[in-house]
Amino acid sequence: MATASVASHSDAAHDHHDHEHHDNFITKYIFSTDHKMIGKQFLVTGIFWAIIGGLLSLIFRLQLGFPDMSLEWLRPILGGWITPDGALDPEFYLALVTMHGTIMVFFVLTAGLSGTFSNFLIPLQIGARDMASGFMNMLSYWFFFVSGVIMFISLFIETGPAGGGWVVYPPLSALEQAIPGSGLGMTLWLIAMTFFIASSLLGGINYITTVINLRTKGMSFSRLPLTIWAFFLTAVIGLLSFPVLFSAALLLVFDRSFGTSFYLSDIYIGGEALPNTGGSPVLYQHLFWFLGHPEVYIVLLPALGITSEVIATNARKPIFGYKAMIISMLGITILSFVVWAHHMFVSGMNPFLGSIFMFLTLIIAIPSAVKVFNYLTTLWRGNLIFTPGMLFSIGLVSFFISGGLTGIFLGNSAIDIQLHDTYFVVAHFHLVMGSASFFGLMAGVYHWFPKMFGRMMDARLGYIHFWATFIGVYLVFFPMHYIGIAGFPRRYYSWTGFEFTNMYTDLNLFVSVAAILTFAAQLIFLFNFFYSMYKGRVATLNPWRSNTLEWTTPLHPQHGNWPGEIPSVYRWPYDYSKPGAAEDYIPQTVPLSATPESNLPHEQELVKLEKEIIADEEAVLVANESTNS
Amino acid sequence: MYGFLIAVGTLLLLSIIWMVYRIQTLVSVVKGSDKKIASGSNKINALMFVFFLIGATILMFWYSIKEFDNYQLPIASEHGVITDQLFWVTMAVTGVVFIITHILLFWFPYKYQWKEDRVATFYPDNNKLEVLWTIVPAIVLTFLVIGGWRAWSDITAPAPENSHVVEILGYQFAWEVRYPGMDNTLGEHDYRLTSATNVSGVDFTDKNSLDDFMSPVVVIPKGEPVLFKIRARDVLHSVFAPHMRLKMDAVPGMPTRFWFTPTKTTEEMRRETGNDEFVYEIACTEICGRGHNAMRKEIRVVEPDEFRKWMSEQKPYIVNNPSLVEGLPADLKELAEITISEHK
Ligand code: HEM
Ligand SMILES: [Cu+2]
Ligand SMILES: [Cu+2]
């Protein structure tokens with residue numbers, strides 16, 4: 001299967017080898033079907049959304065840190081959302097929180113991370129000329145783009161964007177009377193998310209097909225880089241869970257617009273009793289979290305995959321426990337579908353279900369722990385080079401530990417009674433999901449920038465960016481544990497209304513200042529990113545001396561990636577510092593037969609098999625030569 | 001004005017970044033360090049991890065100890081003692097893991113930083129280790145889960161027969177508290193009966209509702225089981241009584257419940273905390289709209305005798321507002337009138 005498609009691909013490449021590509025601006029930069037360009041489109045769009053999402057969080061952090069400050073100066077942008085006495089409108093506060101969450105989770109860390117790196121790396125690392133369907137891939141980006149445009153518009157409408165939290169639980173999100181954001185804003189949210197789901201599915205189908213069908217010769221599943229394993233499993237999770245979100249949204253649309261009662265029952269609002277009976281708000285929560293929990297892994301797995309690759313490369317050491325890493329990712333993939341109700345321990349669902357989900361949840365902690373121990377062992381006795389990518393990867397592991405451990409509290413239903421919907425949860429998911437994935441994204445950008453743009457990002461600015469962000473993230477999110485344990489509820493506009501929360505104004509102020517500084521540190525990155533794109537030092541072909549296939553392409557790979565044949569693969573991607581080898585890395589394209597001095601006993605046996613493959617290949621080459629001349 | 005300042009600030013920041021960038025690229029070109037595999041910065045980064053480890057550890061312990069009494073809310077319910085114990089056991093276990101893994105994570109970068117003359121150890125796997133660190137966390141987690149499961153089962157078990165029932169209804173943006181009266185049985189309700197005078201939608205054709213009364217404060221006795229019957233009439237809300245370690249969503253169309261036994265009266269708690277103004281509070285923890293952060297209700301825990309006295313002094317809905325029973329059938333009306341006269 002794989003061989004056949006590779007052969008046909010290489011023929012095609014040979015066909016248009018000689019004549020020029022006729023890419024104009026539009027087909028090259030806008031409606032591109034080249035996976036590399038689509039990946040970059042996702043990246044730049046993701047960065048745009050990260051800025052918006054970050055700015056929104058700064059506005060509500062101003063409210064929380066400086067409740068008495070006059071926000072009059074925001075009136076030119078926010079208009080009527082600033083009340084006459086210069087404060088933020090409470091309903092707009094909720095809308096900000098909602099948009100911040102939606103944007104960060106879906107637009108930045110799902111599209112910006114999976115979209116960028118699955119697209120960019122899958123064909124390059126498995127040795128394919130492009131995705132299985134370039135056209136679908138292009139559609140995937142443009143559906144995402146449209147989704148973003150709609151969500152963006154919703155920020156500016158008069159009744160404001162959706163305001164029911166990123167989970168948009170009905171009845172709040174179903175009833176316009178309950179909050180103005182549940183009017184047009186919510187409609188736009190639902191439309192935008194529908195486009196987003198379509199985008200994710202188109203992308204996911206493509207990633208899966210490509211990984212299964214288009215691997216180059218010799219690239220068996222047991223030789224795939226862990227990045228590809230991660231992207232592959234992420235796509236599988238997305239494919240299985242996003243449709244459920246779609247059905248949840250669809251039923252919500254029915255309840256909102258067509259008078260059905262899937263989620264609505266016994267409601268008296270605005271001086272009027274609604275006719276709906278028999279629906280269940282808890283049903284929505286089940287459907288939502290059936291996506292919602294896997295979504296956590298959709299944003300996390302690619303980051304972990306990137307980290308595995310970056311840590312191994314820069315530790316100059318094989319990733320420890322390659323198989324164990326794959327098995328734990330498989331375990332996480334499967335288990336991620338059976339833990340969703342841990343978000344619902346006190347939702348009123350049957351407490352017996354709570355017990356079941358507590359057990360399942362704590363099982364999923366085990367593969368996560370295995371991954372951490374494997375990362376640590378990979379660092380052990382390595383020869384570590386702290387590239388910015390490496391720094392961000394180590395930072396990711398730290399966040400993954402900190403946030404993962406608090407998950408053990410929250411997964412325990414008895415403890416969750418107190419912690420649910422407090423700032424403890426906010427601290428937990430910002431570390432384990434938000435910051436960890438964000439650091440994965442950053443590690444990926446620093447590491448593959450030379451392949452994306454043929455130039456290097458400045459390393460020293462990268463170090464400054466890393467340390468400012470790493471320290472900043474802890475200063476922002478670690479204190480939230482304390483106020484969470486103290487019981488501060490989340491999505492609160494102000495805490496002065498209660499005795500038990502009428503404290504920690506100093507800590508909240510501190511967090512807000514830290515958030516502003518951390519955000520400012522991202523400007524260093526933005527400068528570095530865009531400046532280096534044009535003015536950075538020109539990269540060498542394999543700047544990190546890495547083993548994977550993408551570094552065998554030319555500095556600026558054209559559509560099709562390799563000018564000639566696609567290289568074949570003879571070994572796994574982690575032959576770093578192999579005893580006996582001359583260099584501390586052996587690329588996947590180096591045959592075992594060429595490295596007798598470093599082969600392990602079982603590899604020595606594979607050499608014979610390999611010789612046959614090489615012979616085959618030469619035959620193909622000779623045949624091609626003769627048809628060409 | 002602010003806008004201008006921010007613009008200037010941003011500009012300044014950008015130009016500083018740019019200058020630093022230019023200077024250091026020039027320097028690194030002169031020194032030729034951009035050609036090396038690992039430049040001098042490698043050592044600095046390695047050191048930074050150690051500094052970070054030490055600094056963060058000191059900060060964390062200092063603040064955690066200093067603030068303990070502030071973030072550790074006093075406990076006022078029987079099950080709260082157990083869940084808090086679970087919390088701190090989990091904290092101890094995860095705390096040890098947290099510290100050990102972080103020491104390794106930040107010390108390895110220092111210890112194994114790049115050296116020209118060293119080669120990393122080729123160490124691709126070790127199944128014994130993998131099995132070890134699969135099984136040990138599994139065992140530890142099992143202990144934690146079993147503790148949690150037993151506590152959870154007890155907390156969510158059916159309320160004891162003799163529990164005092166209190167109905168808490170959430171609506172935008174307040175809580176309505178209804179007591180069942182002397183019969184300890186709440187009357188039926190129907191959301192269609194809701195009105196300005198009948199906030200909870202009580203159905204007065206059920207004779208159990210004739211002695212039901214409302215209260216601006218949740219009054220409950222110390223040391224006796226209390227059952228909160230929780231409802232919502234518009235959107236989701238969630239009853240959160242932090243000192244009771246109690247939280248349960250209020251769901252329209254689906255009544256929920258939570259029972260507990262308070263262990264300290266408000267007075268006792270005032271003495272314990274040295275705060276004369278201390279009150280137990282209920283907050284809302286499910287986003288419900290504009291007033292989500294303002295759904296406050298006070299809980300007053302009193303001695304059982306005082307509770308009984310208080311109960312007997314309360315006036316049913318129909319006493320305060322006889323118009324509620326106007327349309328009732330004759331037999332019920334008679335009952336209602338008896339109740340009313342009893343309370344006069
Ligand atoms: C600049 C950095 C960030 C800051 C200062 C920040 C701050 C916050 C705060 C304080 C809240 C809670 C607001 C409330 O409950 O009233 C929140 C909510 C949230 N944040 Fe962030 N955040 C940041 C970055 C991120 C990132 C990278 C993600 C990606 C996962 C993220 C995802 C979320 C989500 C999902 C929510 C919940 C929204 C909801 O309650 O509906 N945030 N953020
Ligand atoms: Cu979850
Ligand atoms: Cu609320």
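Even glycines carry a Cβ here, placed using N, Cα and C.
All TrEMBL annotations are machine predictions without curation.
Not measured: the values here are computed from a predicted model.
Residues annotated as domain 'Cytochrome oxidase subunit I profile' in TrEMBL: A:25-570.
Annotation comment: TrEMBL describes A:42-64 (among others) as transmembrane segment. Taking Cβ pairs closer than 8 Å, the transmembrane segment (A:42-64) reaches residues 71, 74, 78, 87-88, 93, 96-97, 99-100, 103-104, 107-108, 111-113, 115-116, 119-120, 141, 144-145, 148, 152, 438, 441, 445, 452, 493-494, 508, 511-512, 515-516, 519, 522, 526, 529 in its own chain, all 6 or more past its ends.
Non-local neighbours of the transmembrane segment (A:92-117) in the same chain are 38-40, 42-43, 45-47, 49-50, 52-53, 56-57, 59-60, 63, 78, 81, 140-141, 144, 147-148, 151, 154-155, 160-166, 168, 179, 181, 185, 189, 193, 196, 199-200, 203, 227, 231, 234-235, 238, 295, 298-299, 302-303, 306, 433-434, 437-438, 440-441, 444, 448, 491, 493; each lies 6+ residues outside the stretch with a CB under 8 Å from one of its CB atoms. The annotation transmembrane segment is assigned in TrEMBL to A:92-117 (among others).
As annotated by TrEMBL, transmembrane segment applies to A:138-157 (among others).
Per TrEMBL, transmembrane segment is recorded for A:188-214 (among others). Residues of the same chain lying 6 or more positions beyond the ends of the transmembrane segment (A:188-214) and with a Cβ under 8 Å from any Cβ of it are 1-2, 5-6, 9, 102, 106-107, 110-111, 114-115, 118-119, 122-123, 126, 128-129, 131-133, 136-137, 139-141, 143-144, 146-148, 150-151, 153-154, 157, 161-162, 168, 224, 228, 231-232, 234-236, 238-239, 242-243, 245-246, 249, 252-253.
The transmembrane segment annotation in TrEMBL covers A:226-254 (among others).
Look at TrEMBL and you will find A:287-307 (among others) tagged as transmembrane segment.
The transmembrane segment annotation in TrEMBL covers A:319-340 (among others). Long-range contacts of the transmembrane segment (A:319-340) within the same chain: residues 226, 229-230, 233, 236-237, 240-241, 286, 289-290, 292-294, 296-297, 301, 304, 308-309, 311-312, 357, 360-361, 363-364, 366-368, 370-371, 374-375, 377-378, 380, 411, 572, 574, each at least 6 residues beyond the stretch ends and with a Cβ under 8 Å from a Cβ of the stretch.
Tertiary proximity for the transmembrane segment (A:352-373) is limited to same-chain residues at least six positions away from its ends with a CB under 8 Å from its CB atoms, namely 304, 321, 324-325, 327-329, 331-332, 335-336, 338-342, 344-345, 397, 400-401, 404, 407-408, 411-413. Positions annotated as transmembrane segment by TrEMBL: A:352-373 (among others).
Look at TrEMBL and you will find A:385-410 (among others) tagged as transmembrane segment.
Sequence-distant contacts of the transmembrane segment (A:422-449) (same chain, six or more residues past either end, CB-CB distance under 8 Å): 43, 46, 50, 104-105, 108-109, 112-113, 116-117, 120-121, 296, 299-300, 302-304, 306-307, 309-310, 313, 387-390, 392-393, 395-396, 399-400, 402-404, 406-407, 409-410, 455-457, 462, 465-466, 469, 473, 476-478, 480-481, 483-485, 487-490, 525, 529, 532, 536, 544, 550. The transmembrane segment annotation in TrEMBL covers A:422-449 (among others).
Within the same chain, residues 386-388, 391-392, 395, 398-399, 402, 406, 418-419, 421-427, 430-431, 435, 439, 442, 446, 495, 500-501, 503-504, 507-508, 510-511, 514-515, 517-518, 521-522, 524-525, 527-528 sit at least 6 positions outside the transmembrane segment (A:461-489) and bring their C-beta atoms closer than 8 Å to a C-beta of that stretch. The feature transmembrane segment is assigned by TrEMBL to A:461-489 (among others).
Look at TrEMBL and you will find A:509-531 (among others) tagged as transmembrane segment.
A Cβ distance under 8 Å defines the sequence-distant neighbours of the transmembrane segment (A:287-307), meaning residues of its chain 6+ beyond its ends; these are 105, 109-110, 113-114, 117-118, 167-169, 225-231, 233-234, 237-238, 240-242, 244-245, 247-248, 251, 329, 332-333, 336-337, 339-344, 371, 375, 393, 396-397, 400, 429, 432-433, 436-437, 439-441, 443-444, 447. Same-chain residues lying 6+ beyond the ends of the transmembrane segment (A:226-254) with a Cβ under 8 Å from its Cβ atoms: 110, 114, 117-118, 121-122, 125-126, 168, 170, 173-174, 190, 193-194, 197, 200-201, 203-205, 207-208, 211, 260, 262-263, 284, 287-288, 290-292, 294-295, 297-298, 301-302, 304-306, 308-309, 319, 322, 325-326, 329-330, 332-333, 336-337.
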